[in-house]
Structures are given as structure tokens and as C-alpha cells.
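What TrEMBL says about this one:
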- 65-82: transmembrane segment (TRANSMEM)
- 119-139: transmembrane segment (TRANSMEM)
- 151-172: transmembrane segment (TRANSMEM)
- 178-199: transmembrane segment (TRANSMEM)
Amino acid sequence: MNIFRLTGDLSHLAAIIILLLKIWKSRSCAGISGKSQLLFALVFTTRYLDLFTSFISLYNTSMKLIYIACSYATVYLIYMKFKATYDGNHDTFRVEFLIVPVGGLSFLVNHDFSPLEILWTFSIYLESVAILPQLFMISKTGEAETITTHYLFFLGLYRALYLVNWIWRYYFEGFFDLIAVVAGVVQTVLYCDFFYLYVTKGEERSSVCQRKCQKTSPASVLLDAWTEQSLSQAKVKMLETESQKHSSL
């Protein structure tokens with residue numbers, strides 16, 4: 001295993017953990033597309049059926065089990081545990097427009113016309129477009145929480161690193177999988193616009209933070225304290241004046 005595949009796997013795992021922690025800590029799944037998470041659960045289920053037929057390594061088996069468990073845990077949190085916070089009104093992408101064409105393509109273009117191979121190919125094709133409901137939801141609402149953008153960033157980073165992994169394997173191992181490469185390119189392209197927004201929005205957040213820091217600078221704090229003290233002194237003098245008037249009467 002090369003370093004690009006390892007870091008890609010870790011980026012993928014980081015994205016999943018970030019999303020799970022976000023939902024669990026906030027007790028809310030607002031801004032998260034349940035349809036995208038259902039598609040990812042379907043991706044991992046159809047891809048890792050070889051768990052029942054072959055063993056590659058402890059690392060490989062462990063990662064597959066973690067991906068499957070986490071994907072279904074996310075679906076459970078969205079549709080069961082915190083269902084009341086799920087924004088179904090904005091999560092309206094028609095997933096059948098993805099599943100049906102991808103299913104047909106997996107039957108037509110695959111490495112071997114066998115059930116496991118067709119399902120593996122289906123998972124590769126479906127993963128390349130599974131994020132579309134989430135991106136569609138963000139474009140529809142016009143906003144996304146910071147933690148959600150981090151989740152998307154690490155997902156995109158995972159795909160980009162896997163592209164480098166395929167290049168590495170082609171030059172150093174002579175291995176090339178056209179289906180995986182083309183699907184990976186499609187998926188990475190879908191993230192390109194998001195990457196741009198992620199960077200630009202990050203700069204905007206920094207500038208907003210800087211303005212807030214300027215507003216709460218030591219000088220402004222001292223000015224506010226001095227103003228408050230002056231007002232309190234003025235109130236004391238007014239009260240003393242009024243009390244003297246009443247005493248003279």
C-alpha cells in the first residue's frame with residue numbers, strides 16, 4: 001500500500017467521523033442530506049460483499065467493516081434518532097435519476113459479468129455521484145455549517161488522493177483500472193466547485209473574525225469601560241443633586 005492510498009483512506013475515515021460527531025454532539029442533522037447518506041450506505045453494502053468470500057488483510061477487512069457500520073449509523077441518526085431535525089423539505093434531489101442510470105451502466109460496462117463484479121461496478125459508479133444530493137441541498141438553502149463543509153472537504157480530498165494513488169500504481173505496479181479511474185475523475189470534478197467555495201468562504205470567515213477582534217481590541221474595551229464609568233458617575237451626581245434639593249425643601 002502506498003502513502004497516497006493510506007492518506008486517502010484516512011481522509012475518508014476523517015470525513016465520516018466528522019459527520020458522525022457533528023450529528024451526535026449537536027443532536028441535530030440540520031443541513032445534512034439523508035439521501036446522500038443512504039446512497040453511501042448502498043455504495044459500501046454493494047462494494048464490500050467480498051467480505052463473505054475473500055480475505056485480503058486485517059487492515060482491509062477492518063476498514064470495510066468500519067465504513068459499513070458508520071454509514072448505517074449515520075442513516076440511523078438522520079432518519080430515526082434525530083428525525084425531527086432532518087430538513088426533508090430541502091433534501092429533494094431525485095435519487096432515482098442516479099440509481100437507475102448507474103445500475104444500467106454497471107450491467108453494460110464492467111470487468112466481468114458476474115453478480116459480485118456487477119455490484120462492485122455499481123458501487124464505483126454510484127459513489128462518483130452520491131454526493132450530488134448534498135451539494136444540491138447546499139445550493140438550494142444557500143448555506144452550510146462549517147462542520148459540514150469540513151466533511152465535504154475531506155471527502156473530496158479522499159477522492160483526489162485516490163487519483164494520485166491510481167497514477168502511482170500505474171507507474172510503479174503496472175496496474176490500471178479504467179472504471180475506477182474514470183469514476184474517480186468524475187467524482188473529483190464534482191468537488192472542484194466546492195473546493196473553490198471552501199477556500200473563499202474560509203477567507204471570508206477569517207476577515208469576519210478579524211473585524212470582530214478589532215471591535216473587541218484592548219482600546220475598545222478600555223473605551224467602553226471609561227464610558228460606563230463616566231455614565232455611572234454622572235448618575236451619582238444627579239442623585240446627589242436631587243437629594244440636596246429635597247433636603248432644602
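Positions of Cβ are set from backbone N, Cα and C atoms, glycine also.
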Residues from the same chain, set at least six apart from the ends of the transmembrane segment (151-172), whose C-beta lies under 8 A from its own: 2, 4-5, 7-9, 11-12, 14-15, 18-19, 22, 131, 134-135, 144, 180-181, 184-185, 187-188, 191, 194-195, 198
Beyond the flanks of the transmembrane segment (65-82) by 6 or more, those residues with Cβ under 8 Å of it: 12-13, 16-17, 19-20, 23-24, 27-29, 32, 34, 37-38, 40-41, 43-45, 48, 51
